[in-house]
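Novice: The structure is given below, and queries will be raised subsequently.
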Amino acid sequence: MCSRTGVQTFGNYFSFNTGHSQNSHSEHRCNQLINNEYVMIRQASDCCMYFCLCAQQIDEEVSKLLQLKAQLGGDEDKHTFVLKTAKGTRDYNPKQMAIREKVFDTIIRCFKRHGAETIDTPVFELKETLTGKYGEDSKLIYDLKDQGGELLSLRYDLTVPFARYLAMNKITNIKRYHIAKVYRRDNPAMTRGRYREFYQCDFDIAGQYDPMIPDAECLKIVHEILSELDLGDFRIKMSWEDVKNEMVNEKGLASEVADQIGEYVSMQGGKDMAEKLLQDPKLSQSKQACAGLADMKLLFSYLELFNVTDKVVFDLSLARGLDYYTGVICEAVLTQTTSAPATQERNGPAGEEGVSVGSVAGGGRYDGLVGMFDLKGRKVPCIGVSIGIERVFSIMEQKAEAEKIRTTETQVLVASAQKNLLEERLKLTAELWDAGIKAEVLYKKNPKLLSQLQHCEETGIPLVAILGEQEIKDGVVKLRTVATREEVDVSRAELVEEVKKRCQQL
């Protein structure tokens with residue numbers, strides 16, 4: 001780098017050798033050039049120092065990142081990421097969701113038909129709320145990590161949260177339904193509709209009522225839902241073992257007498273059997289036995305009025321799986337298997353055997369569960385049933401595999417037969433939406449009429465409202481029925497009513 005002294009010395013030397021004075025034009029020009037060179041060199045030096053500092057900072061940051069990487073583990077610990085759903089869960093495509101919505105609608109209509117109202121509870125509960133309610137199945141509860149001082153668990157079913165809800169709000173009678181997801185760390189069997197995350201559809205009657213009336217209605221509800229879903233022939237089993245426990249523990253009946261009743265019922269069952277047992281000379285001497293048999297006879301008389309006795313049977317093999325049941329339990333099973341699609345995973349070759357989905361509904365009486373949450377131990381008698389919705393879905397999906405199922409509810413597509421009519425199509429679509437009509441329009445400025453008609457056929461849209469320049473001038477819309485290809489001109493003012501009328505006829 002040149003110094004200011006060096007510049008002056010060089011200037012003096014140049015002036016001496018050329019024989020000119022220091023104030024000459026040449027000397028001034030030389031000094032100007034040298035000064036410019038000095039400034040450029042100084043700027044370059046400053047830039048070099050700046051980049052050196054930046055490079056040093058970058059090196060420090062890289063060093064920190066390398067240290068962090070070493071703490072987390074190097075490349076040798078990397079695993080290939082597999083994009084999939086968690087074990088025991090699944091996604092549902094539009095066709096599957098259409099089936100689910102249909103099933104839900106059938107179930108909810110039945111619940112409402114019987115006068116139920118709905119509630120909702122948190123997806124997780126305090127761990128102590130769920131502890132001690134499920135017996136050996138408690139090991140299947142999903143525990144959550146401590147979040148702010150509370151030990152939480154995902155709900156295992158909807159019954160225990162319902163009992164907690166009753167006790168916490170001091171509710172002594174309610175008829176409610178609840179449809180929501182529950183979680184179990186179970187060993188999943190996907191083809192049988194057994195998951196770790198799944199829906200439950202519960203119907204429960206809480207309150208002190210005359211014997212067997214709520215019980216009979218719950219069985220009637222199961223019968224209605226399974227019949228309307230048309231899953232196939234089914235039976236609603238009732239466990240005599242729980243009737244025996246109720247007689248022994250609550251009515252004071254001797255265990256050997258209850259066993260004798262169980263032997264009779266396991267052979268034949270039903271109202272006729274109850275009447276026969278009431279005439280038995282040994283049993284007729286026991287007031288407790290007569291009371292229990294009278295309840296059984298009463299239940300079947302109500303079931304007879306409800307026209308469901310042909311589907312209800314006693315079955316000693318039915319075991320109580322949860323600790324909170326106190327009386328009769330029931331379980332609905334299909335009496336036939338359904339063929340599994342070859343695309344699903346199975347234990348054997350595709351098409352070798354049918355797939356049994358197990359029970360499709362179950363429930364029972366749990367008179368003591370609410371009292372477990374009440375400080376004074378006050379009991380609220382409860383009876384309820386739950387539809388095994390995921391297993392129902394498995395059957396419905398198999399039955400609908402080859403069927404064409406609509407995944408939308410669009411009633412009419414607004415189409416155009418000519419170009420440059422996008423604004424008119426959007427305007428008409430808005431009019432239909434505002435009138436409550438389910439309408440669609442293709443997201444193209446100038447779609448071909450054939451493409452629009454093909455879209456209707458592929459998605460099942462029944463009607464097409466076609467606009468053209470002439471239709472706009474005349475104030476009409478050409479309404480086309482996709483299935484028959486029939487077309488008729490409809491006044492713009494009467495289009496909404498005509499669409500509603502035709503949709504009702506389809």
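From the backbone N, Cα and C atoms, a Cβ is placed for every residue, glycine too.
Note that the coordinates shown come from a computational prediction; the quantities given were computed from them, not determined experimentally.
Among the features that TrEMBL reports, L-histidine binding site is placed at D157, L158, T159, R184, Q200, D204, R320, Y324, Y325. Annotation source TrEMBL lists domain 'Aminoacyl-transfer RNA synthetases class-II family profile' at 59-396.
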Novice: Near T159 (L-histidine binding site), which residues of its own chain have a C-beta under 8 A away, given they sit six or more steps off in sequence?
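Specialist: D202, D204, Y324, Y366, L369, G384, S386 - these are the non-local Cβ neighbours of T159 (L-histidine binding site), listed in sequence order.
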Novice: When a 10 Å sphere is centred on the Cβ of Q200 (L-histidine binding site), how many other Cβ atoms does it contain?
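Specialist: Within a 10 Å radius of the Cβ of Q200 (L-histidine binding site) lie 19 other Cβ atoms.
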Novice: In sequence order, which same-chain residues at least six apart have a C-beta under 8 angstroms from D157 (L-histidine binding site)?
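Specialist: Sequence-distant Cβ neighbours: V182, Q200, S386.
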